[in-house]
Amino acid sequence: MSGTDAGTTLFRGVLPYGEGEPVDVLVADGRIAEIGRVTQRADRVVDAQGLVALPGFVDLHTHLREPGREDTETVQTASEAAALGGYTAVFAMANTDPVADNPVIVEYVWQRGRDVGLVDVHPIGAVSVGLRGERLAELGAMARSRAGVRLFSDDGHCVSDPLLMRRALEYTRALGGVVAQHAEDPRLTGGAQAHEGPAAAERGLAGWPAPAEESVVARDCLLAHHTGGRLHVCHVSTAGTADVLRWARGRGEGTITAEVTPHHLLLTDERLATYDPVNKVNPPLRTAADTEALRTALAEGVVDCVATDHAPHAPQEKDTEWACARPGMLGLQTALSVVVLTMVETGLLDWRGVARVMSERPAEIAGLADQGRPLRVGEPANLTLVDPEARWVVRGGELASIADNTPFEGMELPATVAATMLRGRLTSLDGKVLS
Ligand code: DOR
Ligand code: ZN
């Protein structure tokens, strides 16, 4: 929908980046038309007193499950969750069924996103055919398709063959793309069920050792420097990986970026005590020292951004014994609150920092020209309004996703998304989707 169709909207008394005095923000033709004391009439007036305005959030890592697992999530339901969570763009992981390793599937997902129209859905293309890690997928054809793929990932699986990774970095470089790596050496994690440490040992669960991630990240950083290709490290989960990234950035800026999930900023392997598979995720929940190190790395910019790794699963895949359960957690509607809890309430980030890690950096990494833009007159009206004083209790059954596997069930979390706007059109308001 174009901004003209959306009419004009006036946000009264909002705080851009949570700073200074409240201002009015007028949106017209899909763009920010005026900031200040606005006297002009508007088609819609939103009382935004006490709300913080931020650029719309961008999620580089979302599992939408369509095609193939529409019993757990669809582009429609994930778009609703995204709009309610403050997102204006999401990147759809390629581990669907069939796998998004060719132009037909990425165009299908892209088109579904446009039809729903609540959030920009950007398909990620698989690096290898069928995610099998053997030969490169049709990277160029996906890049040239209507979906305009720029991010490539075998997420769920690691591109563990160093030669394939090298070629992927070279080809994507030529395409202006990025390889998003799920860093996990499968030789070190075969059969693993939880972070390797005392908590897993006590319960007799096979361990997923931190070096299985760190060694692949180190290798890939060296390959990125060598090839000039762009590497994005998915869901950084250990203090050691943060150290590797610090070291790699010291050797030359620009080609390496990284994300952390909200759950790895907050939850630890102490959750194993419950034996509840809702806490099973890949990479696994680590130690309190790791969450501390990840928070510091995010605050410092060693880790660039937050990405949800929103991973819906059916009840029968989660309400089962730990070893049989699928890894993954919902994230789109809880991400902001967990970032506020772990980064804002701890003093590690202010609202400008939240804009950086939730909007600006992910948009830059993905090369989106119209997302993550500053709140200025003339910029596209992709906006999120946050109520910083509100608190809410998470109920999986009340989230927009079909699946309900949230690890934050019953927790009271700070901050709510009061409104989301995509190119001048409100997509959510006061916890309701506007379609
Ligand atoms: O926990 C996870 N779930 N990690 C992944 O890498 C894949 C994801 C999924 O697709 O469920
Ligand atoms: Zn992954």
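Note: Cβ is positioned from N, Cα and C throughout, glycine not excepted.
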Same-site Zn(2+) 1 binder from ASP155, ASP161, ASP404, given that TrEMBL records HIS61, HIS63, ASP309: ASP155
Residue from HIS226, HIS232, HIS235 that TrEMBL also lists as binding Zn(2+) 2 with ASP155, HIS182: HIS235
HIS61, LEU64, ARG65, ASN95, ASP155, HIS313 filtered to the binding-site residues whose C-alpha is within 10 Å of HIS182 (Zn(2+) 2 binding site): ASP155
Pairwise Cα distance for HIS61 (Zn(2+) 1 binding site)/ASP309 (active site) [Å, integer]: 5
Rounded to the nearest Å - Cα separation of HIS235 (Zn(2+) 2 binding site) and ASP309 (active site): 7
Counts by DSSP class (helix H/G/I, strand E/B, coil) across the domain 'Amidohydrolase-related' (283-426): 49 helix, 29 strand, 66 coil
Binding-site residues clustered about ASP155 (Zn(2+) 1 binding site) [Cα within 10 Å; pool: LEU64, ARG65, HIS313, PRO327, GLY328]: none
Cβ-centroid neighbours of Zn(2+) 1 site HIS61, HIS63, ASP155, ASP309, 8 Å, sequence order: THR62, MET93, GLY156, CYS234, HIS235, ALA307, THR308, HIS310, ALA311
Binding-site residues near ligand 2 among HIS63, ASN95, ASP155 (Cβ under 6 Å): ASP155
